[in-house]
Amino acid sequence: MSYKLELLRRALEHNVLKFGTFTLKSGRKSPYFFNSGNFTHGADLCALAEAYAETIIAMNVDFDVIFGPAYKGISLAAITAVKLYEKTGKSYGFAYNRKEAKSHGEGGNLVGAEMEGKKVLLLDDVITAGTAIREAISFLEPKHVKLAGIVLLLDRQERLDPEVNESTIGRLKKELNLPVSSILTLDDIVDFTKSDLTAAESKAMDAYRQQYQAK
């Protein structure tokens with residue numbers, strides 16, 4: 001799909017996608033790193049919005065509000081709401097959380113559209129072990145919303161357990177009984193970059209996939 005290729009091209013151009021040796025939040029060593037925070041210009045955000053919107057339209061899921069967890073999810077949800085309005089004419093609500101509750105003004109830890117009783121689509125960037133997504137779901141539960149689905153920028157396709165061939169997204173789908181989609185996957189990254197990597201980088205990626213990727 002053209003929007004995937006455009007995102008991957010920009011990811012390499014702006015060092016969103018890098019190869020080397022990186023330590024993930026989990027402590028695992030990885031031969032590649034994807035930092036969506038390096039999408040910092042209007043053209044990049046336009047490409048991101050296009051990709052999220054096309055993925056959501058293809059999901060054909062019914063929802064009222066787009067929720068983006070702080071911090072990276074905030075801008076992702078905002079630009080996606082704009083792009084969906086341009087493409088479909090539907091004006092979806094947009095909301096996000098504060099990591100620190102505000103004690104003055106409107107107060108609280110939720111900003112944006114009213115969500116109580118609404119169908120909410122959760123957006124985020126990269127999923128590895130699913131910790132951030134579970135935290136976002138825990139935040140939403142007491143708000144009395146109906147979670148309609150989850151859309152991610154990148155699925156690293158990693159096993160939850162080295163001994164079990166099940167991905168984080170696979171487990172989430174089973175646990176939540178909800179649609180969970182990602183724009184990009186590790187397979188997409190490998191296919192797009194295979195002719196550009198050095199021999200050492202290719203070897204490291206192959207070894208990493210053999211050890212950690214869910215088949």
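Glycine too: its Cβ is placed from the backbone N, Cα and C atoms.
Residues annotated as 5-phospho-alpha-D-ribose 1-diphosphate binding site in Swiss-Prot: Lys25, 71-72, 98-99, Lys102, His104, 124-132. The local packing around Thr128 (orotate binding site), expressed as other Cβ atoms within 10 Å of its Cβ over all shown chains, amounts to 20.
Taking Cβ-Cβ distances under 8 Å and a sequence gap of 6 or more within the same chain, the neighbours of Phe34 (orotate binding site) are Ala11, Val16, Leu17, Lys18, Val126, Leu154, Arg156, Ile189. Phe34 (orotate binding site) falls within a strand segment according to DSSP. The feature orotate binding site is assigned by Swiss-Prot to Phe33, Phe34, Thr128, Arg156, with similarity to another entry given as support.
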DSSP secondary structure for Lys72 (5-phospho-alpha-D-ribose 1-diphosphate binding site), reduced to helix/strand/coil, please. helix
For the binding-site residues listed here, Lys25, Lys72, Lys99, Arg156, which shows the highest count of neighbouring CB atoms within 10 A? Arg156
Neighbouring CB atoms within 10 angstroms of the CB of Ile127 (5-phospho-alpha-D-ribose 1-diphosphate binding site), all protein chains considered, total 23
Please state how far apart, in Å and to a whole number, the two most distant Cα atoms are among Phe33, Phe34, Thr128, Arg156, the recorded orotate-binding residues. 11
Taking 10 A as the limit, how many CB atoms besides its own sit near the CB of Ala129 (5-phospho-alpha-D-ribose 1-diphosphate binding site)? 17
